[in-house]
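This report refers to the structure that appears directly beneath it.
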Amino acid sequence: MADKTLTGLTVEESEELHKHVIDGTRIFGAIAIVAHFLAYVYSPWLH
């Protein structure tokens, strides 16, 4: 049996989960940057 931590995940599983969380955060950030840019460009009250 693999060595489990308090979370019930192995080190490999937690590293894989961390990679997905970081990737999701980067994608969310990129979408947010594009959305804020478009809101600035197309919203006359922001100029």
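One is the number of the first residue shown, and numbering goes on along the chain from there.
Using N, Cα and C of the backbone, Cβ positions are placed for all residues, glycine too.
Annotated bacteriochlorophyll binding site per Swiss-Prot: HIS18, HIS36, in sequence order. Sequence annotations record features per position, and here Swiss-Prot assigns topological domain 'Cytoplasmic' to 2-19 based on sequence analysis. Sequence annotations record features per position, and here Swiss-Prot assigns topological domain 'Periplasmic' to 43-47. What Swiss-Prot records for 20-42 is transmembrane segment.
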Return the residues near HIS36 (bacteriochlorophyll binding site), defined as same-chain residues 6+ apart in sequence whose C-beta is under 8 angstroms from its C-beta, sorted by sequence, else 'none'.
none
Same-chain residues near the topological domain 'Cytoplasmic' (2-19), Cβ under 8 Å, at least 6 residues beyond its ends:
none
Helix, strand, coil: count each for the residues of the topological domain 'Cytoplasmic' (2-19), based on DSSP.
9 helix, 0 strand, 9 coil
Around the C-beta of HIS18 (bacteriochlorophyll binding site), how many further C-beta atoms are within 10 angstroms, looking at every protein chain?
10
Going by DSSP, give the three-state secondary structure for HIS36 (bacteriochlorophyll binding site).
helix
